[in-house]
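Novice: Residues or ranges marked as signal peptide in TrEMBL: 1-18. According to TrEMBL, the transmembrane segment annotation covers 79-100, 121-138, 144-161, 173-194, 214-234, 241-262, 268-289, 301-317, 353-373.
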Amino acid sequence: MSLPKVLFAGAAIRLVVPTLFPQITDVLSTTAEVSTPVDSFRSLKEAFYYLDHGIDVYDGAMVHHPPLFVALMATLRDLLPYSEFLFSLLYTITDVGIAFKLTQLNTWYNEYHSQKSGRKLAGVSASLVAAFYLFNPLLILTNWLHSTAVFTYFLIVELLVQAVVDKNIHRGAIALGVASYLSFNPIYLLAPYLGLAYAVAPQRQWKDQIVKTLVIFFFAVTSLLLISLALYPLADFLKSCYWSVILFEKITPNLGLWWYIFTEMFEFFTLLYKGIFNLYNFVFVVPFTLRFFEYANDKKAGDSFFAFALCFLWISFSKSYPIIGDLGFSISLLPIFRNTVIPHAKFLPITSLMLITCLLLSPYSTIAGLYWATEIATFSTV
């Protein structure tokens, strides 16, 4: 199947189903594997309700989306009719854009490593790379849910395209800043992004590729926060959008281990373990970046792009509010590494079958452990 046909089929799946069955978004919003309080579309609709009734958006700690995003989506809803269809169309276009950009990254990656290794690497086709993303059931569910994580995925892919395809690391830094503003956790990707930008640069100049990129990143984040403060003078959104993620104030069931531990934890130890878990979230990011960095004296031994993907997977695994879309996005990157990383993977069929089995049993474990109370609670978190 050609790339345009794959993109069209993926778009049709994402657009037609929510249009014919609009209740699917609300149903998925109550599913712990797919939705969390910090990225739920239900939380965004709550913000719309508050705005319509003149209530403080961040009163009650129900809304965890930053002010600029809420204002933009509310404006989109008010300006155009048929807002439910419009939102489905917006999420569909975003996902198709991600798939297309992944094909660009696949082309660049194989060309780049062909030059490094001195031999031609025949990567997977662009249509297969797009299909891995568009037909991934984990990502389809995330899209039907209208999770705001979709926009974070788009910004992450965009910053990679800017850095390695368009060779504009500064625009990539801005994209990373916007992603960090939307969901906080992407800020931990700054180290692998700097390593990637420096490694693939035609001429390595640390003042331009490291220092200037850092300045632009922090300028982007600071500008967004200042504009948010101008739009919403109270600083309550900082606590609701970011501090609540750091302190894990919404103890609700999800794919992660945080929620279960803190339901069983003695209150005396809570603050200590919150600090440990936050440290655990990013403590491996710099080691991963350095281990796979492409040093000037031995560029063939490293792979900074793989380091970035590995860091994203680790952050998705260890963050306080993970969803299955994070895993799906990481899986969608695998075809890119067909000729470099995949050949060194051991027991790949067994690992794949175990992953599929765990995903299939996950809903049952949640229902049996949390609602029926018929299984050991610790098993439901594995």
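Even glycines carry a Cβ here, placed using N, Cα and C.
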Novice: I'm a bit unsure how to read this: which one of 79-100, 214-234, 241-262, 268-289 has the highest number of Cβ pairs shorter than 8 Å with the transmembrane segment (144-161)?
Specialist: 79-100
Novice: Suppose I define contact as three or more CB-CB distances under 8 A, residues 6 or more apart in sequence; do the transmembrane segment (241-262) and the transmembrane segment (173-194) meet it?
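Specialist: Yes, the transmembrane segment (241-262) contacts the transmembrane segment (173-194).
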